[in-house]
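Just below is one structure, and these are the notes that go with it.
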């Protein structure tokens with residue numbers, strides 16, 4: 001679709017204020033509208049009707065309560081002409097897919113005023129293959145100031161009625177994520193779309209680990225509709241943890257032992273700019289920056305379960321997933337090689353940890369997740385009472401790895417997810433226990449994650465769907481050996497064991513108690529197939 005007459009410089013104006021022309025977007029494939037299922041038309045009120053040039057055709061355009069429809073105006077043909085119906089096929093877009101509207105003008109060097117009006121540009125969120133979203137434009141060309149002003153104001157009114165869409169966002173950016181490309185990702189892909197959508201932003205570039213946590217504890221958030229983090233999984237988890245801690249503080253909840261946490265007060269947007277992007281991949285079905293940004297702009301909200309991690313009488317943190325054993329040891333070793341690139345140091349750590357593969361001797365107690373009734377009870381009454389000992393199950397022995405995950409944990413090396421049977425908000429966690437076995441068999445198990453085969457179809461792997469888990473390392477487990485880089489770690493409080501919680505290393509010396517809390521935080525996003533009614 002043309003963006004203006006040949007040789008002209010076109011930019012968009014909104015409310016009489018001049019803005020730079022947005023980056024050229026691909027023309028919207030009209031076949032997606034013409035052949036798709038049209039919105040319900042029964043008793044749908046027509047708001048406006050007029051003539052615009054769309055592409056190279058003069059079209060009869062109708063704006064109704066739910067959709068914008070148009071069809072080319074064709075000259076009258078002889079009765080019985082079989083081509084008539086085909087040429088007059090109607091196309092449409094749904095209004096809920098429009099995220100911005102601007103007046104389209106052409107400027108010349110000598111013009112001192114607001115330029116020559118060409119029409120109206122609609123900015124559209126387009127659904128592509130799988131879970132991918134893409135921004136596109138539709139130009140409605142008409143040179144009449146009054147005509148375009150009437151339509152422009154009507155479109156503005158329609159967009160204002162989408163109250164769930166954010167108007168002001170607090171942006172937190174981690175410049176150290178992955179290849180230190182988060183700043184570039186924001187300036188080139190995220191910021192332009194937020195500007196087109198008219199969303200006000202307040203950007204803070206974090207300066208050290210834990211900066212986002214300390215910032216969100218004290219900063220004023222009343223004027224924002226949401227918080228957006230740009231970085232990797234560790235950074236996203238830190239921001240989610242900070243928002244939830246802020247909610248507990250505001251509600252006066254004692255944070256030493258959180259049994260029934262309060263939901264985060266603002267939704268969180270996650271823009272992937274890390275090395276694995278597990279949270280963004282699980283949330284959107286694809287680790288795609290534009291898709292994540294458009295979910296935020298469109299105000300798509302996805303409630304997500306969150307875990308609490310605590311030791312005896314002490315709360316540790318909020319998180320979405322954790323690994324103990326191999327997963328914790330590999331991350332702990334990778335942290336000693338921070339001078340390497342993220343991918344290099346993690347690959348190196350995995351290989352070295354496999355070379356020194358050894359199990360952890362521990363006891364694992366878990367509370368099975370039973371039914372939707374269990375979810376409803378815990379949603380209304382808080383966490384399940386832990387004193388019902390007859391419901392707990394226990395296993396003990398030598399374990400190579402223990403995974404506890406409240407989300408599917410999709411990533412490039414595990415396209416089905418580390419916990420493929422888990423959902424974002426089904427109120428349960430996946431407990432995956434890998435018992436001691438040979439190195440070759442354990443490697444076979446790890447390789448299965450990269451394929452479509454069942455990675456749990458091994459005699460040494462056990463899977464459970466649980467509501468709570470307690471992991472208690474035995475006191476004689478993995479005696480500290482100064483020559484081993486991956487043994488228990490000396491801290492001020494004594495020996496500790498490494499945990500990988502959302503990509504962050506946590507060193508804990510005693511039992512860890514993990515609870516899942518249904519729909520504790522709202523995230524901007526959602527997979528397309530889950531958003532669209534069947």
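For all residues, glycine too, the Cβ spot is worked out from N, Cα and C.
Keep in mind that TrEMBL annotations are predicted by a computer and have not been checked by a curator.
Note that the structure is a prediction, hence the values are computed from the model and not measured.
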**Q.** Range among 1-26, 27-52 that TrEMBL annotates as region 'Disordered'
**A.** 1-26
Q) What counts of helix, strand and coil residues does DSSP assign across the domain 'DAGKc' (164-313)? A) 59 helix, 34 strand, 57 coil
Q: Looking only at the domain 'DAGKc' (164-313), report the model's average pLDDT.
A: 92
